[in-house]
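Shown next, in C-alpha cells, is the structure this report addresses.
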C-alpha cells in the first residue's frame, strides 16, 4: 500500500515540454518572410504561452477544488462516526451512501471493529494512525490494481489506546490520469489555431491596400510619373501612407518636369552663344579677306564670356545643392554691404545707410555673391539714384536695395527668380546676362534660412534680403 499527503497533490503533466536551447541564430529557412506570416507566428506563440499558463492554472485549480470537496465530504462523515463512537455507538455494519461509501472504525491494534458495506471488514483502509497531537489527517491512499481513495482519518481521542475512524471515497478518475491535461491541451490547440487563422485573415485584409500600393508603385517609371497609388477609405495609417505617397509622387513629378524644363532651357541658352561663336569662326575661315580678324576675335571672346558666365552660374547652382556645407562664420552685415558697395562700378550714385553692429552667421563669399547680384541689377535698371539700407526688423536683419527704374510688375515678382527667366527690359539693358543671378541669390538666401523677394515700393524695384540675426554658428550653411 502506498499513500500520498494532500499537501503534495499529484499534478498532471500538460505535455508541452521545455523550451529547447539553441546554440546560434535561427535558420533563415525558419524565419517567416512576410509580415502576415510573422504576425501570425507571433500571435500563435503569444496565445500558446498565455493559454499554457492559464491551462496550468486551470488544471491546478480544478484538482485543488475537486480534492478539497472530496476531503470535506469524507471529513463530515468521519466526524459523524467519530462522535458516535465516542458515545459508545458502534454498529456492526455502518450505513453509508454515495459518495462516501468507505467507512471503517479500527481499534488501537488496527483491527476493524465496524465497516460499511463497501469497505473491507478485515483490512484497514490505511495504516496511517494519526498522532495524539494531530487527530485529523488527510491522505490519498493508492493500492495496486485499485483506484486511489480520498481518505480522512480521525483519532477518536488523544488516549494511547484510542481507535481511528476512516472515511473515504474513490478519487475521480481524471485526477489520477492525464485526461484533464489532454482535454485542456486540446482546447488550447483549438484556440491557438483559431487565433492564428484570425490573425492571418485580419492582417491579410489590413495589408491588402499595401499590396495595391506596391503593385502601383512598381508600374511607375521616370517616363510616366502621372500614376497615383489608390487611397483606401478611412483615416488609418495606411490611408495616410497612400496620401503621403501620392504627395511624394506629385512632388517628384514636378521636380522631374522642372529638371526637364531646366535642361531644355539650358540647352537653348547655351545654343545661342555657341551658334554665334560657330558662325563667326566659320566666316573667318571661309572669308578671311572680308573679315576683320580683331573684330572676329573680339566677338568670339564676347560669346565665350557669355558661355563662361552661364557655365559658372550653373556650377554654382549645383554646388549650392550638392557640395559639402560651408562652415559659417560671424559677419557684420553693415560692414559687408559697405565693402561691396565700394567694390562695384557706380554708373548711378548710391545712397547707403548701413550701420555696423548687425551680426549674422553665414558664408561670406556666398553673401557677397548675393549683394553683387542685387547691386549690379540695381545699377542696370536705375535711372538716377539707388538706396541701400541695412536695418533690424525683429529677429532679422534686412538689406533693402531700392532703385528708381521701371520696377517689376506684380505678376513677374516671383517669375524673375526662376532659372533663365529674363524680362524684356533686362534683355534690352544687358543682352549678355545669363538669367541665373536672381535664382542663385534666392537659393543662397534660403541656404542661410532667410528670404529674398521683391517688395512693394512707391517707385522702382525694392529687393529685400532678410537674414536671421546671429545666435550661434553651430549649423552649416
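Yeah, the Cβs are placed from backbone N, Cα and C, and that goes for glycine too.
All TrEMBL annotations are machine predictions without curation.
TrEMBL lists transmembrane segment for one of the ranges 182-203, 204-225, 226-247, 248-269, namely 182-203. TrEMBL assigns the feature transmembrane segment to one of the listed ranges (39-58, 59-78), namely 39-58. Outside the transmembrane segment (182-203) by six or more residues, the chain places 14-16, 35-36, 39-40, 43-44, 47-48, 51-52, 55, 58-59 with a CB less than 8 A from a CB of the stretch.
In terms of DSSP helix, strand and coil, the domain 'HAMP' (204-257) has 37 helix, 2 strand, 15 coil.
Per-residue pLDDT, averaged across the domain 'Histidine kinase' (265-471), gives 83. Only residues 6 or more beyond the boundaries of the transmembrane segment (39-58), in the same chain, are considered here, and those with a CB under 8 A from a CB of the stretch are 14, 16, 32, 184-185, 187-188, 191-192, 195-196, 198-200, 203.
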